Amino acid sequence: MSLNVVILAAGKGTRMRSSLPKVLHPVANKPMVSHVIETARKVGAEQLHLVYGHGAELLKERIQASDLNWVLQAQQLGTGHAVAQAIPFWQDEDDVLVLYGDTPLIQPETLQRLLAAKASDGMALLTVVLDNPTGYGRIVRSNGQVVGIVEQKDANAEQLAIREVNTGVLVANGGQLRSWLSRLDNKNAQGEFYLTDVIAMAHADNCPIAAVHPDDAMEVEGANNRVQLAQLERSYQKMQAERLMIAGATLIDPARFDLRGTLEIGEEVVIDVNVIIEGKVVLGNHVRIGAGSVLKDCVIGDHSEVKPYSVIEGAQIADQCSVGPFTRLRPGTVLEQDAHVGNFVEMKKARLGVGSKCGHLTYLGDAEVGAKVNIGAGTITCNYDGVNKFQTIIEDDVFVGSDTQLVAPVRIGKGATLGAGSTITKDVAENELVITRVPQRHIQNWARPVKKK
């Protein structure tokens, strides 16, 4: 026996008013269906079947996974018809879990409880109680037992008053589900083959039906339009913010924090407002992230601070470093311990050594900077000739004066001093002072031009 997961992703999503298939619309910068696929893997899916229809080429382009079995639903004739397309791919003794590509917030823990609630010869449903159940299929019970589901358009007044609703998520035995699906008809207001009709069949066959509720109703929220998509995004971010705060992080305003990847935190991490986390980010102990900063695929060491409005991507920042405000660190940047990078500094494929400082208005690209180096304001490494990139090497204890250009390839020896306003085109030896600026001239009795009226 194995667990087969069938993910329904064939809908066009007309109300999105988009050429993009609905399940490819992003939540936290990732397609909704990708969230569902990842959750299915976490609960131990041995076979993953993705039922697709509209936008097949785009789906296969965006969702590239070797463990997916792509199942075509050529005509969208309802959820029951969609699941039935996967019948040839599961065995009678398998368990079949049905999920939906537009409900990205469902949690692995909820699905584990659902799987555990299913009797060996039974079925388990995920249901939720809503204050406003309009639009959802109602759970019909008799003497406390689930006996069926009635869709909104087919419900009578008594059934419309029911607040327990169907989420569509269920798990059943493969053989039983095969039998029930084969008996579906489309004699209903929508003219579709409803997956929900198998519940009444299961009851008629004396199949035990368990019902499980998610911890939070937001787990089963879907998106049919862009308003609901935005609501999903906020619900997702609320879940992530709460998880981080429970783990010990301080979020100055949880409602103004976006996690669009994964974040690993140490102790006493403080994150100010409007911070965006993308990719895989690791923050050490006692790290502070300033307002409006964007972090992507980076590691920040203990007791380091990123000041407001800094953008850090693909960088490694050691312990006790200071970055920003208004700093951009691009891929390949490494800051060693106690390094400081200040406002309006950009670094790319550059290393700043232990205790070195680069405080203002500087570009360091393709550069190796040693320990205890001072980089003056306005320094530029000229690393590109229009075709090729070249490296600048600055050894330990160098002092670089303001407004200096280093034309790569060039090496500055240990302890050298570069005078402000210099353009360095040749290597500099250890402990040398180099000044290349034009000598200052004094012109007496100079009269500035006067505009003619």
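Numbering starts at 1 and runs along the chain as displayed.
Heads up, the Cβ atoms here are built off N, Cα and C, so glycines get one too.
These come from Swiss-Prot:
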- 1-226: region 'Pyrophosphorylase' (REGION)
- 8-11, Lys22, Gln73, 78-79, 100-102, Gly137, Glu151, Asn166, Asn224, Arg330, Lys348, Tyr363, Asn374: UDP-N-acetyl-alpha-D-glucosamine binding site (BINDING)
- Asp102, Asn224: Mg(2+) binding site (BINDING)
- 227-247: region 'Linker' (REGION)
- 248-453: region 'N-acetyltransferase' (REGION)
- His360: active site, proton acceptor (ACT_SITE)
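Recorded features from Swiss-Prot, shown on the structure.
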residue : record                                        : DSSP class
Leu8    : UDP-N-acetyl-alpha-D-glucosamine binding site : strand
Gly78   : UDP-N-acetyl-alpha-D-glucosamine binding site : coil
Gly101  : UDP-N-acetyl-alpha-D-glucosamine binding site : coil
Glu151  : UDP-N-acetyl-alpha-D-glucosamine binding site : coil
Asn224  : Mg(2+) binding site                           : coil
Arg330  : UDP-N-acetyl-alpha-D-glucosamine binding site : coil
His360  : active site, proton acceptor                  : strand
Asn374  : UDP-N-acetyl-alpha-D-glucosamine binding site : strand
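The recorded positions close to Asp102 (Mg(2+) binding site), defined as a CA atom within 10 A of its CA, are Leu8 out of Leu8, Gly78, Glu151, Arg330, His360, Asn374. Taken together, the residues of the region 'Pyrophosphorylase' (1-226) have an average pLDDT of 94.
Distance between Cα atoms for Asn374 (UDP-N-acetyl-alpha-D-glucosamine binding site) and His360 (active site, proton acceptor): 11 Å, as a whole number.
In this structure the alpha carbons, written CA, of Glu151 (UDP-N-acetyl-alpha-D-glucosamine binding site) and Asn224 (Mg(2+) binding site) are 17 Å apart.
When the alpha carbons of His360 (active site, proton acceptor) and Asn224 (Mg(2+) binding site) are compared, the span between them is 48 angstrom.
Cα spacing between Gly11 (UDP-N-acetyl-alpha-D-glucosamine binding site) and Asn224 (Mg(2+) binding site): 10 Å, rounded to the nearest whole number. For Gly101 (UDP-N-acetyl-alpha-D-glucosamine binding site), the same-chain residues that are 6 or more apart in sequence and have a Cβ closer than 8 Å to its Cβ are Ile7, Leu8, Ala9, Lys22, Val23, Met32, Val33, Val36, Leu50. Gly78 (UDP-N-acetyl-alpha-D-glucosamine binding site) is 16 Å away from Asn224 (Mg(2+) binding site) when you measure Cα to Cα.
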